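*Asks:* Next up is a structure, given as structure tokens.
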Amino acid sequence: MAPVQAADEMYDSNPHPDRRQLVSNGFEVNLPDQVEVIVRDLPDPSKVKEERTRLMGYWFVHWFDGKLFHLRIKAGGPNVDGEHRAIRTAEHPWLLRARLDDALEEALPKYAAVKKRPFTFLAQKDELIDAAATAAGLSHRLLNSFKVIPRFALSPKIYEPVDGTTRVGVFVTIGMRYDIEASLRDLLEAGIDLRGMYVVRRKRQPGERGLLGRVRAISDDMVQLFEETDLASVNVNDAKLEGSKENFTRCLSALLGHNYKKLLNALDDQEAGYRTGPRFDDAVRRMGEFLAKKPIRLADNINAQVGDRIVFSNEGQARNVRLAPKVEYVFDRTGAKSAEYAWRGLSQFGPFDRPSFANRSPRILVVYPSSTQGKVENFLSAFRDGMGSNYSGFSKGFVDLMGLTKVEFVMCPVEVSSADRNGAHTKYNSAIEDKLAGAGEVHAGIVVLFEDHARLPDDRNPYIHTKSLLLTLGVPTQQVRMPTVLLEPKSLQYTLQNFSIATYAKLNGTPWTVNHDKAINDELVVGMGLAELSGSRTEKRQRFVGITTVFAGDGSYLLGNVSKECEYEGYSDAIRESMTGILRELKKRNNWRPGDTVRVVFHAHRPLKRVDVASIVFECTREIGSDQNIQMAFVTVSHDHPFVLIDRSERGLEAYKGSTARKGVFAPPRGAISRVGRLTRLLAVNSPQLIKRANTPLPTPLLVSLHPDSTFKDVDYLAEQALKFTSLSWRSTLPAATPVTIFYSERIAELLGRLKSIPNWSSANLNIKLKWSRWFL
């Protein structure tokens, strides 16, 4: 972890935001002013596929708002009935934007599509494993069957630099395609244990699913599978390992031994040639020049021409770039105690709820391998009492820092060795049950694990099993691995900062909040998440759980809720029931009075297809707040988009003291906000000060999108609020990559998915005793 002093230099804003230009990764596409189409009514979109197949090659077919639009691609073919119209591109940009998705592939016939929409293809000359192995001086007969190839995606998107002026751009993104071509038999003969690894079809036919399942065993010429998608066994020549980073790591570390790290570092250098700021910017420039060489044919006598780079600026009528005010961390209810940096403020003022925190003498269960007792006791002493003045990063200790009276550790040794990989979870749970039988009430748990145990599958993982047991008893837990316990003091002091914050939050404490708008009576920010529960990746039938986290406008955590498990068809009803109950409880708790102005902001990461969650929660809010003046906003906050922002004025920082390498070059400052459309903003939440390595890829911004039915429509306010909520993660002193409304929901979903595999697990207590706890941190 970087020293806390480095965090104190964050969020420079140079140059002045009004003059700032942010270069995008896209190019404007010049299109005809209008096109001739045939339009007919088609209320049922399920019939589009049939029509598209019938007209393929002659007509481009696009469904929009209950109507089917036909654009002639070439003469001949089947006839089309409907109304002939001339439509203006500026008013209907979605038609040619959709056509561009197909036309880009047709314009680049030398590149085979690995994905149709957006058109995605692989570099033809560059393969990075071979280059990395050469740079590292490594060789192995199977290395050339491991491939890492740059992958380009071209995404046509509509953007609106000024209200009423819509344009279409093509945005370039670059990823990496990992592939393992080696035969399973060769890998097996090289000593690689393939059991449990995912395999895919070596040759995939149209309409076939690529994933086959996981390897149970290989005998004769057959691969025996479990968690299979279809067949329980396949011929060994028809399958290959999935090109995942996990499979790469398992295979290459086995093949290369201690030299694997050398290859990994060299591969990191190779990938940086495409993904760090200046290199990415140059790759995008070259792609734009390539695309601009000739027109892109859209239809009969209709072409598109790739033009200039799209730049967001504040020139002319456009006001597309601004810098949000710095986030202030707040440590009391009046707002008088505030600081620019979380740890500095916490050290100076103590936690936000220090005067009202109820449990000043918490009892914490500590579960640990008995052979590590001395080392664990030293760690606990440093955590509780501090490390002294020589280690200013954690000199005080948890008790003084949080204003507690004392902390009592209830020690629970477990007779287990790191070599015990099958029965460790049983021994942990048995030790806990024996200890708690006569230990009295405990308020939190610390579970210490050997590194080997922490990496075990969930069905044998001691941490997941102990978490299941203790959560059922209403006790939140914190995991600590032995390498963390054994850290050198100069590193341990910063780790203990994060550990103390998360532990206090799990005890229902509030370390800090943020400054917020106090002009209204009440403001709630509601995070909405979704957990898809299944036994494995290959299981077809899914069950869903709605996850809700509720915060006050200042970021105070109010409560969490996990809905009942349901089938896909019942998800709408489950959300309606859950949200109505939550809002009714908060209305009573916050004492909403008739005539009060109450703002409710919903954050979602990825709305479920064919379920209009926004309409459901708006309906619930109107019902519960019928006596109040309700302002509602439904905001989607996502990293899943093709937009990148580049600040060419940013020269970056030294990667480390005395280094000539620089990190964060071309990264926009934290809080830079760029308009993409009337209801959309790009929000930079990273910065050179938060980037750790010179090879770290240029960070992508968050896309903040406001639902058009929202009654509160200040998108810039909502983008700033999303920024503030990235500063509310109580897992670290540093901001998170996403707002905690999203981050916490994702964390809960991940843990629910893992806990699902534990026998007798029940989430009931999460809505009762742990309703106000951040048990998931």
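Keep in mind that glycine also has a Cβ here, set from the backbone N, Cα and C atoms.
Got these off Swiss-Prot a minute ago, pasting:
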BINDING   Leu777  Mg(2+) binding site
DOMAIN    445-757  domain 'Piwi'
REGION    1-107  region 'N-terminal domain'
REGION    108-182  region 'Linker L1'
REGION    183-243  region 'PAZ domain'
REGION    342-509  region 'Mid domain'
*Asks:* Inside 10 Å of the Cβ of the residue listed as 'Mg(2+) binding site', count up the other Cβ atoms and send me the figure.
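*Replies:* Excluding its own Cβ, the residue listed as 'Mg(2+) binding site' sees 20 Cβ atoms within 10 Å.
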*Asks:* Return one of helix, strand or coil for the residue listed as 'Mg(2+) binding site', based on DSSP.
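*Replies:* DSSP assigns the residue listed as 'Mg(2+) binding site' to coil.
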*Asks:* Take the region 'N-terminal domain' (1-107) and count its residues per DSSP category (helix H/G/I, strand E/B, coil), listing them in that order.
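*Replies:* Per DSSP, the residues of the region 'N-terminal domain' (1-107) fall into 32 helix, 35 strand, 40 coil.
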*Asks:* Just give the helix, strand and coil counts over the region 'PAZ domain' (183-243), going by DSSP.
*Replies:* 9 helix, 24 strand, 28 coil
*Asks:* Give the mean pLDDT for the domain 'Piwi' (445-757) on the 0 to 100 scale.
*Replies:* 90
